[in-house]
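A.B. asks: Can you read through this structure? Questions will come right after.
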């Protein structure tokens, strides 16, 4: 088989035998802060003098060792393990499908159990291996309310917010599948960084608007960055928003991770059409929130995402206005060649025009990387994620190029 055929082939891995997702009446300990775990243990009769120690044990097993079965907690007494099994769960979501691109990009379709009177829901999580690092793209909602006109996810109505458990479980499951916990083996065929952690960066850039699910996203990211557990540096966590201005201020004050803005236009009239939330929070308000974001410097910049749409927002005049708009903000501008999907009215800018746009911005003093094509054979690209119930047939999706999220977060 020719090398090009191998690189353009998507390997679909059937769902492995995994522990079934939890029943809704059994609360999960995943996604709970220490104080919340302590309260639950006390309610179940754990003596007050033992609660703090038990919480520390559980935290270590959940987030350092990555176990998904209470019986694996070898330094926890048998009676305690039986109580935990009876009342709680730490199971992972079901893997419906795992797809592996020829370039090593992995996409998981995950199913979470019903919540209340709801139905099971499915979301997608994507892993992008690169030399020296690996980035996990995490979803925050099932569907999206923002209806950005160029985004495939935006054509799927919002079903519900993901819980902190469901957000964090995407990271835990990915680390499981990549052998990224102690004493876990890397799966055969996985393309991962040669040394150190397999997942070094996470980006909240999957399905949904993270800041419309602020509290759950906040809890999940605080746990992910906790130094006694998963221990991801906040400089390696990037939250992307379309511009929910009040929560941008809260993100800086309460979470403190890196910020990315889905900008895509430099004029309010055009951004109103491309990113309708702009009608509520126009560019002036958005830029004020960005300038006020805590800790900005040349080493800690805001990433501005700009999808390149042919004859829509890709002129040199647009580039000039972009430089003017961002004046005074430590920034990096990620240029995203548009990822086509069935039914879209947009086209990707010509490559020559993208390079001219990038050169102008670069000469003005801004880093302006063009996203590297990744996962093009598995529809894993920015703006293309959708749950399986909304998915096109494989023969259709293989007709469309996709470009995987890359170059996000700080090294």
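Just so it is clear, glycine is given a Cβ too, placed from its N, Cα and C backbone atoms.
Pasting the relevant annotations from Swiss-Prot:
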{"type": "ACT_SITE", "residues": "124", "note": "active site, proton acceptor"}
{"type": "DOMAIN", "residues": "130-379", "note": "domain 'Radical SAM core'"}
{"type": "DISULFID", "residues": "137-382", "note": "disulfide bond"}
{"type": "BINDING", "residues": "144, 148, 151", "note": "[4Fe-4S] cluster binding site"}
{"type": "BINDING", "residues": "208, 209, 240, 262, 263, 264, 339", "note": "S-adenosyl-L-methionine binding site"}
{"type": "ACT_SITE", "residues": "382", "note": "active site, S-methylcysteine intermediate"}
A.B. asks: In angstrom units, rounded to an integer, how far apart are the Cα atoms of residue 264 (S-adenosyl-L-methionine binding site) and residue 137 (disulfide bond)?
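C.D. replies: Residue 137 (disulfide bond) has its Cα 20 Å from the Cα of residue 264 (S-adenosyl-L-methionine binding site).
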A.B. asks: Within 10 Å of the Cβ of the residue listed as 'active site, proton acceptor', how many other Cβ atoms are there?
C.D. replies: 27
A.B. asks: Measure between the Cα atoms of every pair in 208, 209, 240, 262, 263, 264, 339, the residues the record assigns to S-adenosyl-L-methionine, and report the largest value in Å, rounded to a whole number.
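C.D. replies: Looking at 208, 209, 240, 262, 263, 264, 339 as a set, their Cα atoms extend up to 19 Å apart.
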A.B. asks: Quick check for the class: what is the C-alpha distance, in angstrom and rounded, between residue 144 ([4Fe-4S] cluster binding site) and residue 339 (S-adenosyl-L-methionine binding site)?
C.D. replies: 18
A.B. asks: Please work out the number of neighbouring Cβ atoms within 10 Å of the Cβ of residue 137 (disulfide bond), leaving out its own Cβ.
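C.D. replies: A 10 Å sphere around the Cβ of residue 137 (disulfide bond) contains 30 other Cβ atoms.
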A.B. asks: Could you round the CA separation between residue 339 (S-adenosyl-L-methionine binding site) and residue 137 (disulfide bond) to a whole angstrom and send it over?
C.D. replies: 16
A.B. asks: Under 8 Å Cβ to Cβ from residue 263 (S-adenosyl-L-methionine binding site), same chain, six or more residues apart: give me those in sequence order, or none if nothing qualifies.
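C.D. replies: Residues satisfying the criterion: 271, 304, 305, 306, 322.
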A.B. asks: Taking only C-alpha atoms and a 10 A limit, tell me which of 137, 208, 209, 240, 262 are near residue 124 (active site, proton acceptor). These are the recorded positions.
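C.D. replies: Those near residue 124 (active site, proton acceptor) - Cα within 10 Å - are 137, in sequence order.
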A.B. asks: Give me the Cα-Cα distance between residue 262 (S-adenosyl-L-methionine binding site) and residue 137 (disulfide bond), rounded to a whole Å.
C.D. replies: 15
A.B. asks: Using all protein chains in view, find how many other C-beta atoms are within 10 Å of the C-beta of residue 209 (S-adenosyl-L-methionine binding site).
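C.D. replies: I count 27 other Cβ atoms within 10 Å of it.
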A.B. asks: Given the model, what does the mean pLDDT over the domain 'Radical SAM core' (130-379) come out as?
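C.D. replies: Taking every residue of the domain 'Radical SAM core' (130-379) together, the mean pLDDT is 90.
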A.B. asks: For the C-alpha pair, I'd like the distance in angstrom between residue 209 (S-adenosyl-L-methionine binding site) and residue 137 (disulfide bond), rounded off.
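C.D. replies: With the alpha carbons as reference points, the distance is 13 Å.
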A.B. asks: Which whole-number value in Å describes the distance between the Cα atoms of residue 137 (disulfide bond) and residue 240 (S-adenosyl-L-methionine binding site)?
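C.D. replies: Checking the Cα atoms of residue 137 (disulfide bond) and residue 240 (S-adenosyl-L-methionine binding site) gives a distance of 11 Å.
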